[in-house]
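Below is one structure, written out as structure tokens; comments come after it.
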Amino acid sequence: MGMWWIVAVAILAHTASAAVREYAWEVEYKFGWPDCKEGMVMAVNGQFPGPTIHALAGDTIVVHLTNKLATEGLVIHWHGIRQLGSPWADGAAGVTQCAISPGETFTYNFTVDKPGTHFYHGHYGMQRSAGLYGSLIIDVAKGKKEPLRYDGEFNLLLSDWWHEDVLSQEIGLSSRPMRWIGEAQSILINGRGQFNCSLAAQFSSTSLPTCTFKEGDQCAPQRLHVEPNKTYRIRLASSTALASLNFAVQGHKLVVVEADGNYITPFTTDDIDIYSGETYSVLLTTDQDPSQNYYITAGVRGRKPNTPPALTVLNYVTAPSSQLPTSPPPETPRWNDFDRSKNFSKKIFAAMGSPSPPETFDERLILLNTQNLIEGFTKWAINNVSLAVPGTPYLGSVKYNLRTGFNRSSPPKDYPVDYDIMTPPRNRNAKQGNVSCVFPFNVTVDVILQNANGLNANASEIHPWHLHGHDFWVLGYGEGKFKPGVDEKTYNLKNPPLRNTVALYPYGWTALRFVTDNPGVWFFHCHIEPHLHMGMGVVFAEGLNRIGKVPDEALGCGLTKQFLMNRNNP
């Protein structure tokens, strides 16, 4: 049977309210024109971005994923899905499964337990940078009431795009000296951007011409067609490899109502900052002049911008679809106005009725983020350990007690008290390792992310940290070094938001709390693709004696391969 098909029929499951949604996907490279310049993209069933999955809370999703790449392994991570009872389906190569070899098919099977805006992406090498991503939208279960009221919705997947291929980028990052990937050439909205022209050329000081498109152009923007005096839900997800973004709609207020798949206390803003790995829902009311169209913009924040903002158009159906707005697009806030960014983050509170965090913690980790050298190679390290994922997936090693699958020694839970976070490290050296933090089942863990200066003076970056397998409560943010016994007094324990991704700001700290109630092994890492490639991550293992059955197909590499062969052929 040919594999260029997709099964989109929902099969009734054992309960009346849940369905099984089954898909067959092939992933391969193809030529595309994401930003009006031809390049290689990773496509799912020929689509870039990949197909959108729509499901209801409680549904089971089954994806038969075939690797049609000639020379690369493959996995897909279901970003924001907690994988309760299915840690092997999380899609993190070397952590929860082996990479799928070329020509092979692996089946993901998991339940989506609650509604929310999510996405999926490659999690092997830097395949997300190559375009392996798509949207994953979970609506409320049948018979349940959506608390938000709106007349229609749009789904916008934001990403950044380079003209240099990802393999060259990976080689450069792993070279001595390192060759940095540089800023992206374009920002894409739903896989479409414009590198050599502008939708707002008449308002720009650059020499770029006004974009003109013909039917079928892959880089032509997807306009959002709206009716006057209606309210629309815009679902935003950032799958960027590097860029932090600011999103705005000209002349319209945004009411932020959801963050990382969790309802929040609504608040109104002119624009929002969105970091790699984050998702939001905003409500927009079309209450402006219905004879006009309006720019939608996504511009770079947090890094000195060398990438033009992405643009598309909010088209009132009472105005000509091809008509461009008559005034300039919203200006992206200054890239290094971090106070503005922090103020936005501090406006996000959990919706009434959301779960509250435990009042105290059982264990605490303070994770220092540093840039270091290992034998002359530039790396990122956590408490002076740069992560190198082992050849045997952690999940297989702990499930079958394979003691040599990774280093079983405990990693540092803190860093030296005299470390100066404001200057380059006195000792630039770090070590490489594959240790994991092991926790008992159902304990409360606090994680303090501590930022610091990089290898160069006056250089501290934003790092968006993403935790697999969990939501966590964001308890607070602070400046400088975290002070145990003092800074806890600033925590928000009343209504902290539940997130799966959180920003760590330059020279500051971010505090989060989670409960180890999901047996498995879970990646926790910076969601900036090159930073993770250079070692910026840790691994949490919890409730190990409660991990259920793991399909053999997930673990057919490394030490688990031989173990399973011996077990199945005594």
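Positions of Cβ are set from backbone N, Cα and C atoms, glycine also.
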Worksheet item: Looking at Swiss-Prot, His121, His527 are annotated for Cu cation 2. Which of His79, His163 sits in that same site?
Response: His79
Practice prompt. Return the residue out of His468, His470 that Swiss-Prot annotates for the same Cu cation 3 site as His123, His525.
Written response: His468
Item to complete: Can you match one of His252, His463 to the Cu cation 4 site that Swiss-Prot gives for Cys526, His531, Met536?
Response: His463
Worksheet item: About how far apart, in whole Å, are the alpha carbons (Cα) of His79 (Cu cation 2 binding site) and Asn407 (N-linked glycosylation site)?
Response: 27
Discussion item. For a three-state summary based on DSSP, what are the helix, strand and coil counts in the domain 'Plastocyanin-like 1' (33-140)?
Written reply: 3 helix, 48 strand, 57 coil
Discussion item. Whole-number answer please: how many Å between the C-alpha atoms of His123 (Cu cation 3 binding site) and His527 (Cu cation 2 binding site)?
Written reply: 11
Worksheet item: What three-state secondary structure does DSSP assign to Cys557 (disulfide bond)?
Response: coil
Item to complete: Within the same chain, and leaving aside His123, His468, His525, name every residue whose CB is within 8 angstroms of the centroid of the CB atoms belonging to the recorded Cu cation 3 site, in sequence order.
Response: His77, Asp90, Ala92, Val95, His466, Phe523, Phe524, Leu532, Gly537
